[in-house]
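These features come from TrEMBL:
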- 1-109: domain 'Arf-GAP' (DOMAIN)
- 112-213: domain 'PH' (DOMAIN)
- 235-339: domain 'PH' (DOMAIN)
């Protein structure tokens, strides 16, 4: 019968008997919203007639995949069960309702190499969302946005080389919330946007991935698609609140929002700040980076009791977590990063961090 939507969840107790596929509970709800395409039944609880059973037996997920993903571009993001509802819903609609991966011309919104439109963008200082024109151009190698419709000059030019996009509905407070980051003077700058239309914002996300894919194909001519696809966009390894103290370790501990993005540990006063207050580069154990549970015995000023010490070649960084679970999750995340050998280009990033004023 073929495998289930394994990417989504382990137990496919549901089926679409019009598409001939098995699906998990989570996806069954999305399929029910497109009844003209997908008719859903429980594998265990509903009655099945012989014709339906026969149809399932002669189709199955592998057959459906071969048909409905036959022209899927390598850069298109295929969500897993860990991804937000929006990504999963738009994937199912793109695949079965709009048949975007059967008909290449339907991929124009994200594969053309150029896209412009309006997104609601959070103001850097006042936190209000205002409509802003965005233009993504592969030819110019940049994503730009304009503060006024008639503005000649963009407010920001974000190079495709340093661009990342990740859906952050909970943090942004909108089910379609997308966080776009780029490097400005070697520091990370955050932009928070959304569009009322779920397809539109997912098309923007995949257009950014397409632009990154084509940029990387030129930058790494020998690389295979499989090498490049994981580099197109990154979800954060972990985010959340911790307390931190300064380099002298005599200042009081302050509560900050932390984001672990690849090897950059950034901290913000507020989760929706445009710029990080500071960034810590976390290298590998071969380069003398270590993570330790707890804080040095002389430490004072922390309100939270569950300490973490990160040892770098230059200094120690002290953090405190509110709960033991938080502490364990952060330590696990840091250990994963530290146990990964450094790539040649990461040495250049590390060198920059060392020379930061």
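Note that the numbers count up from 1, one per residue, in the order the chain is shown.
Quick reminder: no glycine exception, Cβ is built from N, Cα and C everywhere.
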Secondary structure tally of the domain 'PH' (112-213) (DSSP, helix then strand then coil): 23 helix, 46 strand, 33 coil
Secondary structure content, the domain 'Arf-GAP' (1-109) (per DSSP, counts of residues): 44 helix, 9 strand, 56 coil
Rounded mean pLDDT for the residues that make up the domain 'Arf-GAP' (1-109): 90
